[in-house]
Amino acid sequence: MTHTIKKMSLIGLILMIFTSVFGFANSPSAFYLMGYSAIPWYIFSALLFFIPFALMMAEMGSAYRKEEGGIYSWMNNSVGPRYAFIGTFMWFSSYVIWMVSTAAKIWVPFSTFVFGADMTQHWRIAGLEPTQVVGLLAVGWMILVTCVAARGINKIARITAVGGIAVMCLNLVLLLVSVAILLLNGGHFAQEINFTSSPNPGYHSGLAMLSFVVFAIFAYGGIEAVGGLVDKTEKPEKNFAKGIVFAAIVISIGYSLAIFLWGVSTNWQQILSNSAVNLGNITYILMSSLGTTLGNALNLSPEAAMTVGVWFARITGLSMFLAYTGAFFTLSYSPLKAIIQGTPKALWPAPMTTLNANGMPATAMWLQCVLVSLFILLVSFGGDTASAFYNKLTLMANVSMTLPYLFLALAFPFFKARQDLERPFVLFKTKASTLVATGVVVLVVTFANVFTIIQPVIEAGDWDSALWMIGGPIFFSLLAMAIYQNYSSRMSADPEWAAE
């Protein structure tokens, strides 16, 4: 059957990377936190983390293009199975938690599109509280996603393409409207250009700036998720590396350019110093400001300019909903594929590794859907205790999601040392360049994770959060080691069973 399964084009792969990595909301958040002084930190994060890490992924992906297991296969073939399983299991677990939160979050942009504002806190149906209504919608969303995704990679690629196009269109609107405003206003920027100090009084201390560096580094995360799609890509020996390199360059330039353009239409002191502005609504406030400023530049009446602003916010809501949808489809399948199809089949019950007619591990996908749905219902209907439990889960996933970058970067020199691989794409041609790139990425990711853990302690003496963040990777590692040890014991007791 496998020869009938359609593969993804280069454009499809680029759009998938774009929806997985480029969060349109990251540039408004950066402008809100740091103004123009965010740009040097974004460039720093791209040069010292994102671009070298993306190039490592491109080399590994093109060399291991026939492997089904994504990052698990890469680490397994470079270092060893136990190392690979712990890193991949930790990464997969944190994406399950990501799905729990995002399935509920996705309704905010949807509500903004339909009603012109976030009304999710006012949704009451049949005596249910808003949190419970959103929880039920999130479960329905999970079921719909799994139902469509189980029908094949082509369905996922089509949806992520729509998401990727929506994000690109938002960026295009930002670019074209900002240029139009500049021309209409005689080249005048609403925000004074200053790359060294933040207009936000809360971001003047060294500690706050370091926390922003972490924010910038994490904005570039997610490219490893497309690793599981190498074998689903057309001509992967050429297209996979091309797709990653092209997407990495566009994303790196895109973030800094987007931050720069926000200052054309929005003055930080006038619009963003209001206490009602927060990281949850900043994207819609900035897009509304962009529309209103365009209306004013075109000499429309104040009411008409405000209406333009409201419609800009609505269109942003729709585009963000589509972008979330695209990311959700990729991330509901790719991490699961790495952990199920990459690892030895004997690790899992037989139905979990069985592929349907479309080449998808449908049973495993439905089990994941049930697990995520149970978590959502527990958090939505469990009251304060469940809410506290969810906050702790999120803290546990905080570090667990990015620690696998360390596992992957540390596996890279081992991958380069192998002499038996056909390498269609090689960028790091010397041992020195390999070690420098690995060292820089490892140092940057280690700093980001260590700082994330100690920040609550330094700022508020909050040891509880710090311990939960340390506990996450430890818990997921111990669970992975227990699963792997159980497999090893059964394998040594009955080698024939393991080979089945």
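Glycine is no exception: its Cβ is also placed from the backbone N, Cα and C atoms.
According to Swiss-Prot, the feature topological domain 'Cytoplasmic' maps to 1-10 (among others).
In the topological domain 'Periplasmic' (32-37), the DSSP tally of helix, strand and coil residues is 6 helix, 0 strand, 0 coil. The topological domain 'Periplasmic' annotation in Swiss-Prot covers 32-37 (among others), and the record cites sequence analysis as its basis.
As annotated by Swiss-Prot, topological domain 'Cytoplasmic' applies to 59-83 (among others), with the evidence given as sequence analysis. Within the chain, the topological domain 'Cytoplasmic' (59-83) has long-range Cβ neighbours (under 8 A, six or more residues past its boundaries) at 91, 224, 227-231, 233, 236-237, 240-241, 244, 334, 337-339, 341-344, 404, 407-408, 410-412, 414-415, 418, 421-428, 481, 484.
According to Swiss-Prot, the topological domain 'Periplasmic' annotation covers 105-124 (among others), on the basis of sequence analysis. Note: the topological domain 'Periplasmic' (105-124) comprises 13 helix, 0 strand, 7 coil (DSSP; helix = H, G, I, strand = E, B).
Swiss-Prot lists 146-163 (among others) with the feature topological domain 'Cytoplasmic'. Sequence-distant contacts of the topological domain 'Cytoplasmic' (146-163) (same chain, at least 6 residues past either end, Cβ-Cβ under 8 Å): 5-8, 11-12, 15-16, 19-20, 229, 232, 322-327, 329-330, 332-333, 356, 358-360, 362, 365-366, 368-369.
Residues or ranges marked as topological domain 'Periplasmic' by Swiss-Prot: 185-209 (among others). Helix, strand and coil counts under DSSP for the topological domain 'Periplasmic' (185-209) come to 7 helix, 0 strand, 18 coil.
Among the features that Swiss-Prot reports, topological domain 'Cytoplasmic' is placed at 231-243 (among others), with the record citing sequence analysis. Looking only at the topological domain 'Cytoplasmic' (231-243), the predicted model's pLDDT averages out at 83.
The annotation topological domain 'Periplasmic' is assigned in Swiss-Prot to 265-308 (among others) on the grounds of sequence analysis. Within the topological domain 'Periplasmic' (265-308), the DSSP-based counts of helix, strand and coil residues read 29 helix, 0 strand, 15 coil.
For the topological domain 'Cytoplasmic' (330-361), the number of residues in each DSSP class (helix H, G, I; strand E, B; coil) is 19 helix, 0 strand, 13 coil. Here Swiss-Prot flags 330-361 (among others) as topological domain 'Cytoplasmic'.
For the topological domain 'Periplasmic' (383-394), the residues of the chain that approach it from at least six positions outside its boundaries are 97, 100-101, 375, 468, judged by C-beta separation under 8 angstroms. Marked as topological domain 'Periplasmic' by Swiss-Prot on the basis of sequence analysis: 383-394 (among others).
Annotation comment: Swiss-Prot describes 416-433 (among others) as topological domain 'Cytoplasmic', evidence class sequence analysis.
For 455-462 (among others), the entry in Swiss-Prot reads topological domain 'Periplasmic'. Cβ atoms under 8 Å from those of the topological domain 'Periplasmic' (455-462) belong to residues 207, 211, 214 of the same chain, restricted to positions at least 6 beyond its ends.
Positions annotated as topological domain 'Cytoplasmic' by Swiss-Prot: 484-500 (among others).
Sequence-remote contacts of a segment are chain residues at least 6 beyond its ends whose Cβ falls under 8 Å from one of its Cβ atoms, and for the transmembrane segment (11-31) they are 38, 42, 157, 160-161, 163-165, 167-168, 170-171, 212, 215-216, 219-223, 225-226, 229, 233, 239-240, 243-244, 246-247, 250-251, 254-255, 258-259, 262-263, 266, 268, 279, 282-283, 285-287, 319-320, 323, 326-327, 330-331. If you look up Swiss-Prot, you'll see 11-31 (among others) marked as transmembrane segment, on the strength of sequence analysis.
A Cβ distance under 8 Å defines the sequence-distant neighbours of the transmembrane segment (38-58), meaning residues of its chain 6+ beyond its ends; these are 30-31, 195, 198, 209, 212-213, 216-217, 219-220, 223-224, 227, 240-241, 244-245, 247-249, 251-252, 255-256, 259-260, 405, 408-409, 412, 425, 427-428, 437-438, 440-441, 444-445. The transmembrane segment annotation in Swiss-Prot covers 38-58 (among others).
Per Swiss-Prot, the feature transmembrane segment maps to 84-104 (among others); the stated evidence is sequence analysis.
Taking Cβ pairs closer than 8 Å, the transmembrane segment (84-104) reaches residues 71-76, 134-135, 137-139, 141-142, 224-225, 324, 327-328, 331-332, 335-336, 338-339, 342-343, 347, 368, 371-372, 375-376, 379-380, 390, 393-394, 396-397, 400-401, 403-404, 407-408, 411, 472-473, 476-477, 479-481, 483-484 in its own chain, all 6 or more past its ends. Secondary structure by DSSP for the topological domain 'Cytoplasmic' (59-83): 16 helix, 0 strand, 9 coil.
Counting residues 6+ beyond its ends, the transmembrane segment (362-382) has Cβ neighbours under 8 Å at 96-97, 99-100, 103-104, 131-132, 134-136, 138-139, 142-143, 145-146, 149-150, 332-333, 336, 340, 348, 351-356, 389-390, 393 in the same chain. Applying DSSP to the topological domain 'Periplasmic' (383-394) sorts its residues as follows: 12 helix, 0 strand, 0 coil.
Of the Cβ pairs linking the transmembrane segment (395-415) with the transmembrane segment (125-145) and spaced 6 or more residues apart, fewer than 3 are under 8 Å, so the two regions do not touch.
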